[in-house]
Structures are given as structure tokens and as C-alpha cells.
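Student: Found this in Swiss-Prot, in case it helps:
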type     : residues                : note
BINDING  : N8, W9, K10, G169, S209 : substrate binding site
ACT_SITE : H95                     : active site, electrophile
ACT_SITE : E163                    : active site, proton acceptor
Amino acid sequence: MESIVVSNWKMHFSFSEACNYLNLITSLNSNLNLAKMIFAVPNLYLSGLKLKFNDTYHFSAQDVSMITESSGPYTGEISASMLKNLNVNYAIVGHSERRLLFYEDANTIALKVRNCINNAIVPIVCIGEPIEARKNKTYLQYLAQQLSSISFSFTKNVIIAYEPIWSIGSDMIPTIDDIYEVVTMIREIQNRYIPHNIENSVKIVYGGSVSANNIHQILTAGVDGVLIGKASLKLESLTTIIKTVQGLD
């Protein structure tokens, strides 16, 4: 099975810088299969980048509206149907930065996930525990609670991204055993909701300080791929990660 590699650009790059960066990645990695790469770019860039690079890469929105209507009086919102009209096939939902900075709760995230599914967009749903939950050994319960609000999605195409909050943007990373423990727990919870006659299409990726130095170890922890932040903004580290991932597939 090919590993999933999601590059989350967050609020980085001008449009011209984005085009130049993707051109460089393409030219320097012509011998690799880049079609499995998913770039989560600023929503403003989706249309232009898809026109230029749609045959080479997949693109993901970094967020989607919780509003169920396809259109209406909702200033600043971008509906799932609008993304689908651009042939965007992925959307990040519930990233810890949005949970923290924009107070997104379980109900909001569930609405966004449902909107994605109803529009044939694969949601990349982020879950993760704060350092307090890790220290007091309640992290599995914390993560299970986050998963419970989106259990309806487990029979659909969905990507679960485990990103421990305390690891994002830091030099700290869980051990391989820690990641494997969470992956196992996620699989166990999924299996409670998936009938035996339905194939499990849920994928699990790890995010949180993924780098060229630890990518090999992370991919041995039972994950289906990685969600990369700052390491994917640098050509050298992203190229190393791509080569490592494809060397293991």
C-alpha cells in the first residue's frame, strides 16, 4: 500500500512562491511518483494551482465551512460544494490550531466532516491530546472522545491524522510505541462502527514534528502515512521525506 503524504502549508507562500516551489519539487523529483502527494494550500490558491499542477499533485483545502447549505448569506465562508466544484478532493478538518484559535468544538468539526462526505470530499480529521492529558495518562480517553463525534464517518473514505498538540511545531515527538498505541486504539474504535461486510477505508496518518530525520521510524509505527507541517516548506527536507516514503512502499 502506498503511504499518504500530506503537506500542510498553513498560511505560507505567496501564489508565485507556491508555483515556483511546486515547479522545483517536480523538476528535482522527476523519477518519483508524485501523484500520491497531497498539498493542503491556502484556499485562495486552490483554483490556480489545480490549473497548473492538477496532473501532478492532489490538493486539499485547509478548512471547510460548517454551514450545510451550498450557498447563502454567510460572509467569508467556503462551502464544501464550492470546493467540490473546483474538483478539490480533500479538506483538513479540526486541526488543533483551529480548535484553539477559533474555538472549534466537537459539534462544529462533526458538521464539517459531514459536509465533506456529502460532497465526496475526503476529510483529513485531526485529533490530538494536550500535554496535560499525556502526563496524567488520560490521553486515550481524550482521543476516544474526539473520535466519538465523527464515528458516523468510519464507513466512508476518511483520513484520521493523529497530531499530539504538544508535539506540533516543537522538537518533541512520541516514541514509536506511543504512536503505535494510539493507532491501535483508533483501529479498535473504528471496528466497533464498521459492519463486517464493509471494507475499512479509514486511513491513519501521523503529524507533529515530522522531519527528514524521523520519517523512517514514524512509518514503522503502523500508520498509513504522514501529515507534515514546517518540514514540507523546505525543499531539501520534503524531498528527503518523499524519497524515504517511496523507498519503503
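Each residue, glycine too, has its Cβ placed from N, Cα and C.
Describe the structural context of these features.
Tutor: Over all protein chains present, the Cβ of G169 (substrate binding site) has 12 other Cβ atoms lying within 10 Å.
Taking the Cβ of H95 (active site, electrophile) as reference, residues of its chain lying under 8 Å away and at least six apart in sequence are, in sequence order, N8, Q62, D63, C126, E163.
Around the Cβ of E163 (active site, proton acceptor), 24 further Cβ atoms fall within 10 Å across all displayed protein chains.
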Student: Ten-angstrom check, please: count other Cβ atoms within 10 Å of the Cβ of S209 (substrate binding site), all chains counted.
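Tutor: Here the count is 23.
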Student: So how many other Cβ atoms are close to K10 (substrate binding site), meaning within 10 Å of its Cβ?
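Tutor: For K10 (substrate binding site), the 10 Å Cβ neighbour count is 16.
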Student: Which entry in the list of binding-site residues, N8, W9, has its Cβ near the fewest other Cβ atoms, using 10 Å as the limit?
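Tutor: Minimum Cβ neighbour count within 10 Å, taken over the binding-site residues N8, W9, occurs at W9.
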